[in-house]
């Protein structure tokens, strides 16, 4: 490792005569002049100077190009009647498959099951927005008000925990508690009530899914809010108290405004991601509760594409989902800007 | 004011609350009680299910039969279910696969992410904006499940462990968190190392990484949890049952109520309950995560914050 660094340092000193100190060569300049590096030097010199850095980013960039960008091109199968059996290699088959224009999309839009999945997706999204979204905010306010460090650390450790469990585990735990053979059903059966099984009840399913999400991730969600709360200046509270503001007024006029940007940001992210509502979670419970209640866009694409091998049709449905999702992010971010918040990215 | 100065400042014991700021009211009894109840309920709702899973996995068949299912109060603790599971057969194999994929995947992901984050952390370097944009864009749109699946197939990764690692090896969010942290490291330190003749590799290895232990631990945990919890890639890219990781075996055993291969004969004939075996599998799946995460807990906030602010 050190072998390659030393000659490079020397080459740098020779090839970058415009740079005043050797220390400025690989850095942003000592005096916080971030632009000192760029500009003056030509592309060749800059490449020579930064080639190690570029080399370092290469593996990650390659992985992202191969596994995130190349598949985007693969979406052409949505405009084909893709037949994987035309060739041993899926990519070769892609070039041999006939083009059908927008036929696959017409099929998708004509399918009532697709619209049913869309409907389920939105129902789950709104339910999570109303029932899940406020929980981390309230929990963060509560934990923030605990001033004993030990109690606070223990409470945090406990509420963070489920975030690190897999969905398989979470769904299984819920099955053991709320399922037909679960502990609640047994307790009820002992007292003469039989037939309790929330896990396979299509009507209760959307609430069950929301409760699972709260159980798993509400605790983890408090982190950003706690961070925002810890950055609020105590002077504000003190000044407000001097002016006679009680506990609740301080919360209303200082604490909540401090959380506003974070809440807006997370809302934007959530709305932008509205069409993705717990893929793994729903896939795992698809069989138990039935397709009618649990099918959302993601599981619909999975079922048609990977289980039924109707790749072109599923890719078309997935593409519709992706485009609508992208639009939602952009619109939500625009709305955030109009509201005077920063949103996900700057203007 | 003088009274405040005269009073000796004493560090409160852990059961005593630290002094509140002068302007803040002491909470009333009712308020304290309400807080305690809500927080207590939240902790109970999280810990109770885990408790009965662990206790049932440690119970004998007799205890489980008497309880008619899950056991709440532990009696005659036995490790027979674990002995059976880890004495060979499908579950042991799956656990080893999971450990292997998690360790290899985490090391690979960390190497790639740390390098990339450092490469992008020197402000003004050639092309770092373009590369950053390329990575960031993937947070806004995904290619979709079907094209990704076709690509993995075309690359010949199906039925190899690489299919469990490569497609999800890089998390752009984690790179941003690392980059944010690396950018916060004092520039003077890096400059002086450079004057002493250190190149980028040496600076990363000798200065930047030792200074970022906390955030490295957090990110490593995130990656490890990702690999440990993953089951979907295995379910679509692997067909060989012997290659399945623990989570997928758990789906078969507990959700679909199948019997573990090689164990079917002992269960329910001897002192071994099928339920205890299922619960033991769950404990195996949750144990590493539950043990590791509290250790890096205090760094979570810092890590998440740098990622959110600088990203």
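Heads up, the Cβ atoms here are built off N, Cα and C, so glycines get one too.
As recorded in TrEMBL, the features of this protein are as follows:
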TRANSMEM  B:37-58  transmembrane segment
TRANSMEM  B:94-118  transmembrane segment
DOMAIN    B:95-290  domain 'ABC transmembrane type-1'
TRANSMEM  B:130-155  transmembrane segment
TRANSMEM  B:161-182  transmembrane segment
TRANSMEM  B:203-225  transmembrane segment
TRANSMEM  B:275-296  transmembrane segment
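Residues 102, 105-106, 109-110, 113-115, 118, 171, 174, 177-178, 181-182, 185, 189-190, 193-194, 288-289, 292-293, 295-296, 299-300, 302-303, 306 of the same chain lie 6 or more positions beyond the ends of the transmembrane segment (B:203-225) yet place their CB under 8 Å from a CB of it. Beyond the ends of the transmembrane segment (B:130-155), by six or more residues, the same chain brings 116, 119-120, 163, 167, 172-173, 175, 236-237 to within a C-beta distance below 8 angstroms of the stretch. Counting same-chain residues at least six beyond the ends of the transmembrane segment (B:161-182), those with a Cβ under 8 angstroms from any Cβ of the stretch are 97, 100-101, 104-105, 108-109, 112-114, 116-118, 120-121, 135-136, 138-139, 148, 152, 208, 212, 215-216, 218-219, 222-223, 226-227, 230, 233-234, 237-238, 243, 245, 303-304, 306-307, 309-311.
Long-range contacts of the transmembrane segment (B:275-296) within its own chain (CB-CB distance under 8 A, at least 6 residues past either end) are made by residues 50, 53-54, 56-61, 64, 69-70, 80-82, 84-85, 91, 95, 214, 217-218, 221, 224-225, 228-229, 246-247, 249-250, 253-254, 260, 263, 267.
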